[in-house]
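S.K.: From TrEMBL, for reference:
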- His82, His84, Glu88, His127: Ni(2+) binding site (BINDING)
- His82, His84, Glu88, His127: Fe(2+) binding site (BINDING)
Amino acid sequence: MDESNEDPRLPHHRNPKEFVSLDTLSEIGVLHWKLNAKDYENDPELKKIRDERGYNYMDILDLCPEKVENYEQKLKNFFTEHIHADEEIRYCLEGSGYFDVRDKADRWIRIWLKEGDMIILPAGIYHRFTLDTSNYLMRLFIGEPVWTPYNRPQEDHPVRKEYVKNLAEKARMPVSAY
């Protein structure tokens, strides 16, 4: 994405546009599925993912000005670059928004999450979140409800060190930024 300070809810494409493959996201530990959001309660693919990854908890959050107390402050907090000590699992049932993650060169990659998209961000990856201009997203949380953000810099946090170590081993080359 570009480095503009304009409204974070805009797409922020580089000029010319650059797109990133799912394989590139996978290389930095980000996983993606396209699921049936209209029937998520009966979706066999979602059940399979939950069973295989041991996710035993879920709840739903409507993220919009009408339903979230201190909405503007919450969005500001979500958009502050941070890591988590656990995976961040998000499944979009309705609406849309952006997850920004850092690539291996410490540049932002913008992921547009829309209805049916499920992503898993690995523990320790720098990221941030914002809605797009629709100002609405219904998220399904999966996994134990631990949402403690650790704002950047966190280079000495054990989970960040483990993430960087795993990336370096995967690439078998020295790590400078990650």
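Keep in mind that glycine also has a Cβ here, set from the backbone N, Cα and C atoms.
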S.K.: Validating a neighbour-count step here. Other CB atoms within 10 A of the CB of His127 (Ni(2+) binding site): how many?
M.R.: 23
S.K.: What residues, ordered by sequence, lie under 8 A Cβ-to-Cβ from Glu88 (Ni(2+) binding site) and sit at least six positions away in the same chain?
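M.R.: Long-range Cβ contacts: Ile120, Leu121, His127.
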S.K.: Starting from the Cβ centroid of His82, His84, Glu88, His127, the recorded Fe(2+) site, name every other residue in that chain with its Cβ within 8 Å, sequence order please.
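M.R.: Everything else in range on the chain: Ile83, Leu121, Ile125, Tyr126, Arg128, Pro149.
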S.K.: Within 10 angstroms of the C-beta of His84 (Ni(2+) binding site), what count of other C-beta atoms is obtained when all protein chains are considered?
M.R.: 19
